[in-house]
Amino acid sequence: MAARGSGPRALRLLLLVQLVAGRCGLAGAAGGAQRGLSEPSSIAKHEDSLLKDLFQDYERWVRPVEHLNDKIKIKFGLAISQLVDVDEKNQLMTTNVWLKQEWIDVKLRWNPDDYGGIKVIRVPSDSVWTPDIVLFDNADGRFEGTSTKTVIRYNGTVTWTPPANYKSSCTIDVTFFPFDLQNCSMKFGSWTYDGSQVDIILEDQDVDKRDFFDNGEWEIVSATGSKGNRTDSCCWYPYVTYSFVIKRLPLFYTLFLIIPCIGLSFLTVLVFYLPSNEGEKICLCTSVLVSLTVFLLVIEEIIPSSSKVIPLIGEYLVFTMIFVTLSIMVTVFAINIHHRSSSTHNAMAPLVRKIFLHTLPKLLCMRSHVDRYFTQKEETESGSGPKSSRNTLEAALDSIRYITRHIMKENDVREVVEDWKFIAQVLDRMFLWTFLFVSIVGSLGLFVPVIYKWANILIPVHIGNANK
């Protein structure tokens, strides 16, 4: 009986042990899972606790220093992402930049061991003290950058890199437009603090261009920064100036402005290649003059209205317009000479005959004109011959003499007209070569030195690019 009773009791004891072991296993698994989920939650709680402790008595309007005479040193740097536009008319330079600023905030320090090993936090810039560094030479009323988050380290180092879109004033020198080189500057400094309270330290002399997006019209030759101080009767104010030396890419203006202007100036030369009796000579000159006026108006819309300097292309257009005006005057004079005759003008002077009928044609490679004036003419009447005994013969001779004199007179008139026409041709040929020479020399003299100087500007390798 005792043996039979001990068997069921042992079985029940074994089942009880397995049930307890299973429950303990489930409880352990649940506890492990709960411990695994509690770790991120504890990090968030640590960061919440850190922020509450840091900003419980924090006042963002108060300069974060321990003593009144302590100064905050701001490490300042500039990175450019895009040169958006250079407005020559309004003398503005539009840029997208990043303002790199770093300083020590003694009120934002903590021990990472007390907050779960947290060493870096990110808070909005509106929640902490930030230096009021602005762009002094801004032209659109926006002096500050965009509000972004700051990166704060456990030792109190605050890093703030806000992006900004600036329209800064820039004095544009259009003397060598479109082969010009501009120097635009951006001046940064504190708006209210003097140097004894906030000092600016230049982080890097060169502007960071690692993320720069190329512009289709302008190329940055150099972008460097320098520190300066402005003093008045009581205080000194530090500032940082970044100078951007930019070079224009003139391909667009060369194709659509300079080459058409040069072509129009050479069209003026072709006016003198037309025959002197063609009235289209004046029409061609007038059309060229109107076209140059249109180009001058186009340039006036691009460049600023200034009386200090005259742009190179403007000088060339004015030179060409004077050139065309002179060609119109010369053409009118040549047409007038072409239509002269003995009945409208006096006899041609011997010096004019010698120069324009003999000397100049040889120099201009023209076919020599027949010398009708320096050839000795035979006397038509050598004296009184023997009297004819017949009256009919004398009458016939008188008639022949009359006809001969009339024909010779007509020939002389025709020769005078042809001589004037030939002089007009000589003038056209002379001014053709003269204007062609002046056009070539003037174009080369104006553009070649400037283009050579522009082409030899070296683009230095930027430090930021070298460190990529």
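Every residue gets a Cβ built from N, Cα and C, even glycine.
Look at Swiss-Prot and you will find CYS170-CYS184 (among others) tagged as disulfide bond. Using a 10 Å radius centred on the Cβ of CYS184 (disulfide bond) and all shown protein chains, the other Cβ atoms total 23.
Per Swiss-Prot, the feature disulfide bond maps to CYS234-CYS235 (among others). For CYS235 (disulfide bond), the same-chain residues lying six or more positions away in sequence with a CB closer than 8 A to its CB are ASP194, GLY195, SER196.
The N-linked glycosylation site annotation in Swiss-Prot covers ASN155 (among others) and is backed by sequence analysis. Cβ neighbour count for ASN155 (N-linked glycosylation site): 13 (other Cβ atoms within 10 Å of its Cβ, all protein chains included).
For ASN183 (N-linked glycosylation site), the same-chain residues that are 6 or more apart in sequence and have a Cβ closer than 8 Å to its Cβ are SER243, PHE244, VAL245, ILE246. Per Swiss-Prot, the feature N-linked glycosylation site maps to ASN183 (among others); the stated evidence is sequence analysis.
Remark: ASN229 (N-linked glycosylation site) has GLY195, TRP236, TYR237, PRO238, TYR239 as non-local neighbours, by Cβ distance under 8 Å and separation of at least 6 in sequence. If you look up Swiss-Prot, you'll see ASN229 (among others) marked as N-linked glycosylation site, on the strength of sequence analysis.
If you look up Swiss-Prot, you'll see 23-254 (among others) marked as topological domain 'Extracellular'.
Residues annotated as topological domain 'Cytoplasmic' in Swiss-Prot, with sequence analysis given as evidence: 338-429.
Taken from Swiss-Prot, the feature topological domain 'Extracellular' covers 452-468 (among others). Mean pLDDT, taken over the topological domain 'Extracellular' (452-468), works out to 54 on the 0 to 100 scale.
Swiss-Prot lists 255-275 (among others) with the feature transmembrane segment, giving sequence analysis as the kind of evidence.
The annotation transmembrane segment is assigned in Swiss-Prot to 282-302 (among others).
The transmembrane segment feature in Swiss-Prot is assigned to 317-337 (among others). For the transmembrane segment (317-337), the residues of the chain that approach it from at least six positions outside its boundaries are 261, 264-265, 268, 271-272, 276-277, 279, 281-282, 285-286, 288-289, 292-293, 295-296, 299, 420, 423-424, 427-428, 431, 435, 438-439, 442, 446, judged by C-beta separation under 8 angstroms.
A Cβ distance under 8 Å defines the sequence-distant neighbours of the transmembrane segment (430-451), meaning residues of its chain 6+ beyond its ends; these are 176, 179, 258, 262, 265-266, 268-269, 272-273, 312, 315-316, 319, 323, 327, 330, 334, 360, 364. The annotation transmembrane segment is assigned in Swiss-Prot to 430-451 (among others) on the grounds of sequence analysis.
Local packing around the disulfide-bonded residues CYS170, CYS234 was summarised as the count of other Cβ atoms within 10 Å of each Cβ; on this measure the leading residue is CYS170. Across the structure, CYS170 (disulfide bond) and ASN155 (N-linked glycosylation site) place their CA atoms 41 angstrom apart. With respect to their backbone Cα atoms, CYS234 (disulfide bond) and ASN155 (N-linked glycosylation site) stand 34 Å from each other.
Looking at ASN155 (N-linked glycosylation site) and CYS184 (disulfide bond), their Cα atoms lie 38 Å from each other.
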